[in-house]
Structure formats: structure tokens, C-alpha cells
Amino acid sequence: MTEPIHEPLDAHAALEAQIDQWRRWVVRRTAIAVTDAEELEDNLRGQVADLRAGGLDDDEAFLVAVKRMGNLDDVSREFAREHSERLWKQLVLVPEEPVATSPRLRELGVVVTLAVGAGIAVKALLATGDDQVLVANVAFAVLPFLAAYFAWSRRLPGRISGMLVALAAVPALAVNLFPFENLAGGGSGMTFVLAATHLPVLLWLLLGVAYTGGDWRSDARRMDFVRFTGELLIYFALIAMGGGLLIGLTVGTFTIANVDIEPFLGDWLMPFAVPGAFLVAAWLVEAKKNVVENMAPVLTRVFTPLTIVMLAAMLVVLLAHGSLISVDRNLLILMDAVLVLVLALLLYSISARDPLAPPTVFDWLQLVLVAVAFAVNAVALTAMVSRIAEFGWTANKSAALGLNVVLFAHLIGTGWLLLRFLRGTRPFGATERWQTRYLPVYAAWAALVTLAFPPLFSFS
């Protein structure tokens, strides 16, 4: 008797990858909630199954099914433009239709209202006249308004909103109620500085839950949040540069007229302009995704080789320094900051890459970047361990050492998976998943430094 022939488990891997890519595209649309996207995906899968039963292969069935999703013409059109090399234009492109402007204007109105609220909150903090209160709470003055925007635009369930409020309340109470010690000269102690610098990281990763619409377990949605973060920084930098130029010209004009407007700028304009620009930049990322998505590959290809050269120079300086114990502490802190920026660039580069594309020269450059960053991290880690063995533990040294260990593990995993992708033994999706599944490690580390380090080191 002839045994039945079973399809291999990965027979439809390409189809699943296409559906996953389509779903990621859909859920990034601000007008579509996560639950709606899941329903649309079920509909798409049903149509694909019917078409395959009718004799079409996976690719043909998928393309025709997307073509039939008439209520997603805008999404299909953008997806076609992004994947023209895979003949999306041929099967999916539909005639242009006028886009309704009223929902977009309503959304902008909500964003402007929230931006004004963030400005009022920042102004209230400045009115206290306490720099420590300002530093500890400025993230709480801005990020809740951005979270409110995501909760509104993604129809975030009430239980998720309540969970986020409760989780954010814990560090809010901690940084405001901990009895931090100040330096003799009046400056803030090290545990306060560590808590204040790690708190925004913790809150930002909590914000990611709101961004994903509560679907925080999804690797695709986490990667979308990484992409959003990079694009937000680009837009915010562009707005800041344009706004800075405009303010400079305005000050120059009033100075010629012998009118001093600097008090107005410092007391009123900047407290509203900075958080306002931040929220408007976030809205622009959501509204104009395709603009920055076209810039992202260019930016990553420009900065990756430059970063490799910079890291190589840092490695030479460290190795030529002599004894690692005598390495200046400020240099080690600077290296930590550079390594964080390198990981941010790496994350953004990975998020901007088509996971289905074959390996390229740029992927080898990414591997070189990881290797050089790994070498710098290893030397810095050795220097920190040597200094701790020589001079003992402090809050600052412990935080720096812990961060280096976290970065070290991240780089090892990324390098190994990139190498296997380049050798053809693992798909690029494995590298993507490693990045997104490592994000909670950063959240846990930020929470540890913010909440546990102050009492562990006597709030010094």
C-alpha cells in the first residue's frame, strides 16, 4: 500500500511570511485597530485557502486574495509600491481614490490638544523651581500624552490602559518618594542620576505596549515600535533644526529692533514648543510613514560604515592606553553611550530591512559593525571589572557593568544569527525576532536601576 505523501512543515513558509508581512503593513495603519486587522487576516487566509483549492499556487493565491480586499485599497496600493519588484503593481495596484481629509484633520486636532496638555505639564514642572523635580518628572509630563494618543488611535482596551497606568505609577512614586541624598555642593547624588536616566527608558518601553495596541507579544508589532522610534527621532530632529533656525532668525530680528524676547522664549515658548514638537513628530510618523521609510535605508547605509570607523578608532585608543585599570572613568561612560547608539542604529537598520530579501554586501557590513562593537564592549567590560576589583563597588560602576553585560549578550546573539543568515542556514526573521524578544531585557534592567539601585546603595 502506498503511503500518503505529506508536505514538509515549511512547504508554505513563504506564504506565511507574505501574510505576516501584509499584516504588519495593515496594523501600522492608524485607522485600523489590532482586532480589525486580525479579522481581516482571517478573511485573507480564507480567500487564500479557497484559491489554493481551486488550483492556484501560494504566490498566485496570495496576490489575488489581496487584490480582492477592496476595502483596503489604500493599504494594498502602498504595499504594491513598496514591493514593486515582486510584481505587486501588476496584480494589486488599483486606481487612485480621493482620501478623506476630515479624519486626518480630526486626528491632528487631537494631537495638538494633547501637545498643549504636555506643554502645560512641563510649564507646571518648571514653575516649581526645583531642578531635581523637573528631571525626575519630565518624562511623566510628556509621555502620558503620547500614550493617550496611541490609546485613542488604536482603541486600546481599558484593561491594558489600566495596567499601563499602574505600571507607570510605580516608578513615578519611587523617584518622587525615595529619600535621595544630595552632594555637599548641592548637586544630585549618583543613585538619583541613575534613576533619572533609566526612568525614561523604562517608560518608553511601557509606551511600546500602547503603541502595539495591546498586542505586545507580537514580534512584528514590537519591530514596528522599534521602527517608529527611529523614525520619530528623525522627524523630531528635523523639526528641532527647523524650529531652531526660525527662533534664531526671530531673536535676531527683535534684537535689531532693541526688543528682548528671550524671557518669553525661555518661560513660555520652549516649554510648549519642545513637547509639542515631540507629539507632532509622532503624529507625522504615523501619517507619513512612506516618506521616512524611503529615507531609512539611505540613512543606515550612510551611518553604518562611519560608525564602524569610529568604533575601530575607539578600540585602538583603548588598546593603546596601557593598563585598563587606569582608563579614565569618563571614557568608559562615553563608550557605554556610543555602544547604546550603535545598538540603536543596528536595531533601526534591521527594522528597515525586507526580511525576505537575500543577503547583500550591506548585511556583511552589519556583521562587521557587530563584531567591532563586540570587541569594544569586551575591552570596556574588562576595564570595568578591573576597576571594580581595584577600587570596589559603587552604584555608578555597577550600573555601567550591568549595562555592558546586557549589551554584550545582545551583540553575541545578533552576531551569531547574522552570520547564520549570511551562510544561508537561518532566515533573517530569526535576527529580527532576537531583537524584539530582547527588548524586555532592557526594560527589566531599566526597572532594576530605577527601583532597586537607590535602596541597594543607600540612596547615596
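Cβ coordinates come from backbone N, Cα and C, glycine included.
Residues annotated as transmembrane segment in TrEMBL: 108-127 (among others).
Here TrEMBL flags 133-152 (among others) as transmembrane segment.
Listed by sequence, the residues of this chain that lie at least six past the ends of the transmembrane segment (164-180) yet keep a Cβ under 8 A from its Cβ atoms are 132-133, 136-137, 140, 144, 147, 188-189, 191-192, 195-196, 199, 202-203, 206, 209-210, 447, 450-451, 454-455, 459. Annotated transmembrane segment per TrEMBL: 164-180 (among others), in sequence order.
As annotated by TrEMBL, transmembrane segment applies to 192-211 (among others).
Positions annotated as transmembrane segment by TrEMBL: 232-256 (among others). Note on the transmembrane segment (232-256): residues 262, 265, 269, 273, 277-278, 280-282, 284-285, 292, 295, 299 of its chain, located 6 or more positions outside it, place their CB under 8 angstroms from a CB of the stretch.
The transmembrane segment annotation in TrEMBL covers 268-286 (among others).
Sequence annotations record features per position, and here TrEMBL assigns transmembrane segment to 298-319 (among others).
Residues or ranges marked as transmembrane segment by TrEMBL: 331-352 (among others). Under 8 Å from some Cβ of the transmembrane segment (331-352) lie the Cβ atoms of residues 223-224, 226-227, 229-230, 293, 296-297, 300, 303-304, 307, 310-311, 314, 318, 366, 369-370, 373, 376-377, 380, 383-384, 387, 400, 403-404, 407, 410-411, 414, 431-432, 435, all in the same chain and six or more residues away from its ends.
Counting same-chain residues at least six beyond the ends of the transmembrane segment (364-386), those with a Cβ under 8 angstroms from any Cβ of the stretch are 304-305, 307-308, 311-312, 314-315, 318-319, 324-325, 327, 332, 335-336, 338-339, 342-343, 345-346, 349-350, 397, 400-401, 404-405, 407-408, 411-412, 414-415, 418-419, 422. Among the features that TrEMBL reports, transmembrane segment is placed at 364-386 (among others).
Under the heading transmembrane segment, TrEMBL lists 398-419 (among others).
For the transmembrane segment (439-457), the residues of the chain that approach it from at least six positions outside its boundaries are 170-171, 174-175, 178, 180, 190-192, 194-195, 198-199, 201-202, 205-206, 208, 222, 226, 394-395, 398-399, 402-403, 406, 409-410, judged by C-beta separation under 8 angstroms. Here TrEMBL flags 439-457 (among others) as transmembrane segment.
Listed as Cβ neighbours of the transmembrane segment (133-152) (distance under 8 Å, sequence separation of 6 or more from its ends, same chain) are residues 110-111, 114-115, 117-118, 121-122, 124-126, 161, 164, 168, 172, 175-176, 188, 192, 195-196, 199-200, 203-204, 207, 210-211, 213, 275, 278-279, 282-283.
Long-range contacts of the transmembrane segment (298-319) within its own chain (CB-CB distance under 8 A, at least 6 residues past either end) are made by residues 234, 327, 331, 335, 338, 341-342, 345, 348-349, 352, 362, 365-366, 368-369, 372-373, 375-376, 379-380, 383.
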